[in-house]
Amino acid sequence: MLPAVVLAVAILLAWTWGAGRLGAVLLPAPSAVVRALGELAATGDLWPAIGATGGVAAQGALLAVVVALPLAWLIVHSRPAAAALEPYLAASQAIPAVAIAPLLVLWFGYGPGTTALLAALLVFFPIVITTALGLRGLDPEVLAAARVDGAGTWRLLRHIETPLALPQFLAGLRAGVALAMTGAVVGEFVIGGRGLGQLLESQRTRNDTAGLFATLVVLTLTSMTAYAIVRLLEQRAARMTER
């Protein structure tokens, strides 16, 4: 905890020094950002924007989970499926989200559903990979013993694979929540919406640098909160697995 506090103090000191050298237009002082944050909260626009972006990000993460989990299971249990799908999964990471967004608009139109789909595409890959690694890392002797006891595919999935691979899945989800927020904000830039992305765009057009920094602070804190929640769930799942 102490190193993190020391780093935060060092960043604030460097930030204050840089703001004095560069000027408020390029780099507002921390005090100016705090004032902008207070003004933003006073307007009543902040919480609805957080809710809009967080809601779209959550929808995208949920969609990614629904698709990624069965696909990860299929990749682990079917060599032809793994050989066919894994190269395309890896190649998909070379395409930036900004390049995908216009295509999604062309296919699905404007709206929060399209933005959620963009967020899902970003979250999808880490969940597939970490879940597949978790399933592949299960003790073969445990699986063999369960099969000897008469466990079929469904019982193995429910009682062995799901509990033991849960920490790996949550690790992928933990990495994905920040990407979901990124996808939601990028989507709001390109597709439109009422969230933090549109708030950033509005502040950019007004050259409101302090407001931009304030919104970025809010976005960072929101992502960190979601990350911490999933991290707690991951630690709890890991403790349950060790019992």
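Going from the start of the chain as shown, residues are counted 1 onward.
For all residues, glycine too, the Cβ spot is worked out from N, Cα and C.
Sequence annotations record features per position, and here TrEMBL assigns transmembrane segment to 47-76, 88-110, 116-135, 164-191, 211-233. Residues or ranges marked as domain 'ABC transmembrane type-1' by TrEMBL: 50-230.
Counting Cβ pairs under 8 Å that are 6 or more residues apart, the transmembrane segment (211-233) and the transmembrane segment (47-76) reach 3 or more and are in contact. Same-chain residues lying 6 or more positions outside the transmembrane segment (47-76) and placing a CB less than 8 Å from one of its CB atoms are 41, 82, 85-86, 112-113, 115-124, 127-129, 131-132, 135-136, 157, 161, 169, 172-173, 176-177, 180-181, 183-185, 187-188, 193-199, 215, 218-219, 222, 226.
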